[in-house]
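K.L.:
Attaching a single structure in structure tokens format; questions to follow.
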């Protein structure tokens with residue numbers, strides 16, 4: 001991205017956050033215009049992609065382009081729809097978090113095309129198998145089907161989506177697309193029965209008439225002339241130069257087959273489409289208040305498409321006047337088409353459903369292709385719903401943008417500065433608040449008894465929300481506003497601007513009801529699709545169905561819930577002109593969309609802190625040549641390198657901040673001056689490049705010389721090998737020297753790693769004596785190095801282990817088990833000792849002189865005595881000078897005897913103790929008391945003094961387990977298992 005800054009005067013900046021005058025709407029639009037003029041239709045606002053419809057094919061969607069963006073950092077390449085798609089895909093794969101891409105804009109701005117490009121990108125770049133390829137094909141082929149049934153030619157767009165669409169693409173753990181699901185919103189059903197001048201009905205009607213086979217049209221009772229059908233002539237636009245209905249028909253038929261529709265499904269579906277056209281041609285006559293059907297031809301064809309009966313058929317009279325009968329007919333047509341469209345979406349969903357239960361937790365990328373903010377000369381119920389949807393999306397967008405910004409700042413350790421912005425919650429509440437919002441008031445008027453009308457609805461609004469700051473009517477407005485408002489209008493001050501809504505038709509469109517007898521007819525149809533669309537349970541349900549606005553509000557709430565659970569990306573689509581001409585940029589129209597898309601608000605939020613942020617490695621790699629300390633390579637920490645670089649460039653403290661992994665630059669001019677310095681530096685680097693070229697030539701000549709020398713060496717080596725067994729001579733001296741050198745180098749690489757490693761390479765015969773000398777020197781050096789590296793603590797440990805080895809090796813059965821265990825200064829859990837006071841502390845068991853009863857004690861070794869205590873209470877002290885000796889058995893038990901003088905009045909005889917760490921304990925006593933040579937290791941038994949001249953005996957016998965008990969002969973009997981054979 002930074003590389004394009006040098007051409008910013010001609011092509012603008014690739015990211016609007018780098019606009020110096022970012023608060024200027026004129027500067028924003030001028031940047032769009034510059035880029036559009038150069039066929040650069042994509043621009044970022046941070047991570048938001050702004051896309052301008054070029055109205056022509058650009059060669060930027062090839063497989064090569066896809067590969068260019070695949071797996072590449074978002075800002076490393078120029079803005080593109082593929083960058084957004086790839087960034088969402090990589091985030092889903094690496095962070096294991098569901099993603100969504102929100103695509104919005106006016107009709108004709110390119111939302112549907114953007115959605116297609118994203119799906120095509122995933123279809124081409126994601127892993128594939130035979131099953132995955134089927135899903136990929138179905139995902140792609142769902143587009144032409146939904147476009148045929150849900151898109152139409154409008155004044156603004158020849159292929160305008162007349163419904164909102166949210167599609168989930170499911171990916172398995174390998175990152176392959178394995179399923180999908182579509183949710184549709186607010187199909188414009190009114191288009192089925194009425195189109196404005198210059199507009200058309202849904203594409204499928206024209207496609208079937210233009211492209212359908214003769215046999216199909218004959219079965220459906222259709223003529224190949226759209227002018228014959230009332231529902232197709234109101235817009236007076238049967239043909240469109242940019243649309244080939246015949247070709248599109250073939251594409252739709254193929255797509256239906258790929259998705260999984262069988263011939264019966266297609267026949268039933270087309271029957272319904274034909275029936276809608278025939279319904280539109282039904283004519284009524286009769287006296288006032290008693291309308292009857294006068295067009296028998298349509299009834300005949302309607303019966304052919306297997307509707308068993310029609311109300312009023314064959315002269316049957318209905319209690320409706322002509323206007324009511326026509327309204328009922330149109331309501332039925334809209335209901336049939338709307339419900340069929342919902343059935344179609346459900347059928348597509350069934351074909352896209354992920355059926356493999358082995359991987360239930362799929363990752364998801366959602367695509368939201370939904371109508372942008374709409375402001376027409378005449379705005380009705382549909383625009384009210386659409387703009388309410390955009391208010392909710394704007395609220396979500398600002399919240400998530402601020403949240404994303406705040407999370408990035410916190411992750412980088414940068415202080416978050418609160419951002420002032422317009423919170424449009426007040427407008428959302430005005431529309432949707434329970435009991436007091438516009439939707440609740442509209443529903444109340446629709447449901448209340450009495451003469452409710454659109455005007456009473458308007459009056460109720462004035463009474464309930466008339467004091468709201470964002471609501472105005474003709475009655476409540478000032479004199480200036482009344483001049484531009486009708487008496488049947490109300491105005492909402494949306495986040496994007498003011499919109500006047502005409503209330504005429506609000507109640508009817510919100511009710512969206514069918515006469516009960518018409519529902520009964522549909523339920524009796526032999527057409528399977530109609531049977532599924534009109535459920536009999538619906539007739540038996542006494543509860544009135546929700547109104548259109550309430551249903552839309554509920555579905556919108558679910559959509560917000562879905563979007564909040566995912567990591568969002570945004571694509572904002574703009575159309576440059578109303579005439580669909582390439583290279584034409586209408587500033588007034590573009591300014592209108594910039595306002596209604598909330599792009600300036602978005603930019604202001606994004607620029608509230610720092611305009612530019614990049615990872616240290618990216619910033620340093622690009623600009624390192626501007627600082628002598630960082631050129632050509634920085635060897636230290638990346639953060640230190642960036643700090644050194646910006647200091648050299650003279651950045652002021654208020655111009656930047658260094659985060660944990662990124663640099664944040666507050667002002668675009670700081671970045672521009674850096675980029676300009678780099679451009680100047682490149683000219684100086686040109687000389688360097690020339691020198692490098694000359695040096696590469698020098699290196700190439702040296703390589704050639706080395707190759708010649710290598711060939712000569714190989715020849716000498718081969719000749720030496722041939723003469724290797726002869727006395728030293730010119731023919732073999734090089735080879736013999738090499739053999740000696742080779743041995744010494746091999747020895748150098750394979751020297752023993754420790755004093756315990758006895759390996760040594762076998763020398764050639766001429767070096768046997770030298771090899772032995774080297775081996776001895778090596779061993780001496782390793783011993784010296786090892787001793788030098790020993791710490792005082794480790795040395796003390798080894799000294800203790802050496803003493804233990806001298807005393808117990810090959811004498812005490814459990815000595816080998818003690819060797820790998822380090823000796824410690826205390827065995828009392830959780831208690832540290834002061835080495836100045838105590839040398840060692842351990843828990844022991846003391847056996848009484850009378851009865852040999854076992855008692856838990858602690859043995860403490862001080863500098864001059866061994867102390868036996870019980871719970872901090874002194875029980876016995878034995879001065880080391882008074883210690884005559886120590887006795888222990890040769891078995892694996894832990895008993896030992898401390899012998900003291902029998903004439904010592906302070907002592908009551910020898911002390912019999914048991915320790916779980918007997919080797920460690922006795923070694924410590926031997927060192928502290930200097931009694932290394934006074935430890936007796938006995939076999940069979942140990943005699944000890946009980947006091948008062950009496951003597952006790954401990955008998956030791958090998959056994960299967962350790963047992964200590966008083967024997968019948970009065971001795972202390974100890975049985976211990978053998979752990980090692982000697």
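One is the number of the first residue shown, and numbering goes on along the chain from there.
A Cβ is built for glycine as well, from the same backbone N, Cα and C atoms used for every other residue.
Unlike curated records, TrEMBL annotations are generated automatically.
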K.L.:
Quick one: which of 533-555, 556-578, 579-601 does TrEMBL have down as region 'Actin-binding'?
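P.N.:
Going through 533-555, 556-578, 579-601 one by one, TrEMBL flags 556-578 as region 'Actin-binding'.
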K.L.:
Enter the number of other CB atoms within 10 angstroms of the CB of residue 112 (ATP binding site).
P.N.:
23
K.L.:
Is it possible to get the count of other C-beta atoms within 10 angstroms of the C-beta of residue 110 (ATP binding site)?
P.N.:
24
K.L.:
Could you tell me the mean pLDDT the prediction assigns to the region 'Actin-binding' (556-578)?
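P.N.:
Reported value for the region 'Actin-binding' (556-578) is a mean pLDDT of 91.
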K.L.:
Are there residues of the same chain, six or more positions away from residue 108 (ATP binding site), whose CB falls under 8 angstroms from its CB, and which are they?
P.N.:
53, 154, 156, 157, 160, 575, 578, 580
K.L.:
Take the mean position of the Cβ atoms of 105, 106, 107, 108, 109, 110, 111, 112, the recorded ATP site. Which other residues of that chain put their Cβ within 8 Å of it?
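P.N.:
For the ATP site, the extra neighbours are 53, 157, 160, 161, 372, 573, 575.
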K.L.:
Within a 10 Å radius of its Cβ, which of these binding-site residues (105, 106, 107, 109, 111) has the fewest neighbouring Cβ atoms?
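P.N.:
The binding-site residues 105, 106, 107, 109, 111 were compared, and 107 has the fewest Cβ atoms within 10 Å.
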